[in-house]
Amino acid sequence: MGLWMTRTKDLAWEDALPDSARRYLIALTLLQWLSLIVLIGDSLHSLYPLFELRTCGIEAVKWEYLAFRVCILVTASETVSNCLGWSCFAGMALLFDEKVERVTKSDKLKYVTKVLVCLLAGTFVWLVKTLIVKVLASSFHVIKYFDRIQESLFYQYVIETLSGPPLIEIKRTEKEDERLVDEVRKLPNAGATIPPDLKNAAFPTAKSRRVIGSGGLPRSPRRSINFSQPLNQKLDDGITVDHLHKLNPKNVSAWNMKRLMNIVRHGSLTTLDEQIEDSTRGDEKATQIISEVEAKAAAKKIFQNVAGHGSKNIYVQDLTRFLRDDEALRTMSLFEGASESGKISKTSLKNWVVNAFRERRALALTLNDTKTAVNKLHQMVKVMIILLIVVLWLLILGIATTKFLVFVSSQLVLVAFVFGNTCKTVFEAIIFLFVVHPFDVGDRCEIDGVEMVVEEMNILTTVFLRYDNSKIVFPNGVLSTKPINNYYRSPNMGDGVEFCIHVSTPAEKIAAIKHRITSYIENKKEHWCAQPMIVVMNVEGLDRVRFAVWLGHKMNFQDIGERWVRRSLLVEEMMKTFQELDLQYRLFPVDINVCSMPSVTSTRVPSNWTATTS
């Protein structure tokens, strides 16, 4: 009985399955319930006669009980809860004990008992395998991806909230809804009949505005109630931002982790488009961001929605109209330079939305590739467990004699000799992918001095994209032996610019160069860390002094284009400084000795020259 109940629960939350698979599972569940009802009804109807009928000296009730359990085994699926249902075979093995065998005086029951013990041992091993695989997979996802998923979902919440109506409007709308509900509740007291549409609109199912991944956030007060269509339609399951803040790697359950992963894998960044005035759709789906162009357009709409009238920046006071105070302060820290200046510019908002889209897309691809790799690994484990179960059955049935075991051992030695290197490679690749795990999809890495972006991850190979979009496939066994520089996982990285000046340059000009370069860097607080180092590197050729500017980015080199843009602006400022200070590049003096010169035959000579004869 518990087996069918757990199967029904599985169907309730397996919304990520395709429609065809979901229909198959529903049909399977109905078949299970039907078989349960038929068997129970047949048992109750023929209870008394069955006690009198016997086959091989055993009551027919026990044979029917055996058939009932076999039906459960046949229809059971891969889930852990259903594996627990397979433990019913423990009761079957007790049906035919030695006492029954002595009473019936039949040798056939001994073989039936051995078969039942084989099934019990097989289901127990399969249950242990399923538990281990699911626990390890869940732990892997929590350790590697929980922080990124939590951060990505908070970004989604910020984008959806800032693109919608402010909290003041929402509260005013809620008050209007409450007043409408009170008025509708008074109608039956006055003897009036409430139409069904009006009743559904007046008593909608409560849906929190602070739900992430549901697509059900309200747009505006004028469309919060729609009398043409009931509002209590089922929306996609999401997670509230308050619940999201409470989760951490230590308290997140496997169920919640799966929900978060499904939101990221099957969802996308969305905005609430306030410009659609004539929408008559009841579901009012949000506008999805599926490209960087749409991300930039969304950033523009968000700026127009949040910033004050005529303002060129967004301030904390503007954010508090949409977010709580603690969320507004956390949101300010997300934008470059906003924590120091206290304002968000259009450029920084656009860059943040684009980066949030890139991160969400890379995270979704990573989770998809990881799920595929875990499934392939699960298939490998299944093959090994099936072989183990077969050996276990042979031992229980007494088929595995000494000669048979010697023969199997010799064959295993041959297989190990042929496929030993392959097994070693596969094992190293699995350790590299699931234990070492040096990168994810979308990470920019440097391998053998070449910068590449991870495109696809598999169990045996990893596909990279080079700077010219050329795909390079590396075996994971080879990557495990190479040093990998992961830019995405690196903290804020440093940079350096070198330049040379003439050895005779006055000390005053050198001090002015240092002051202007330092001032420029410290004024760009959103790009560079304070207090850069300007040091003398070396004296070259007795006529040049080499200087180096060592400074720190407020970013890593994952976005390599942004790194070179910031560095280019710094170099341009340095060139401007050199020109304004009139720095000259002089060659080292060279002595020239002239031994002889030909006679001058041209009449076009300088006036201060005198004609000489050799």
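Including glycine, each Cβ sits where the backbone N, Cα and C put it.
What you are looking at is a predicted structure, and each value in this text was computed from that prediction instead of being measured.
Listed features, source TrEMBL:
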DOMAIN    431-488  domain 'Mechanosensitive ion channel MscS'
TRANSMEM  111-128  transmembrane segment
TRANSMEM  385-406  transmembrane segment
TRANSMEM  412-436  transmembrane segment
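Averaged over the domain 'Mechanosensitive ion channel MscS' (431-488), the predicted model has a pLDDT of 93. Nonlocal intrachain contacts for the transmembrane segment (412-436), taken as residues 6+ away from its ends with a CB within less than 8 angstroms of a stretch CB, comprise 140, 373, 377, 380, 457, 459-460, 475-477, 479-480. DSSP labels the residues of the domain 'Mechanosensitive ion channel MscS' (431-488) in these numbers: 10 helix, 26 strand, 22 coil.
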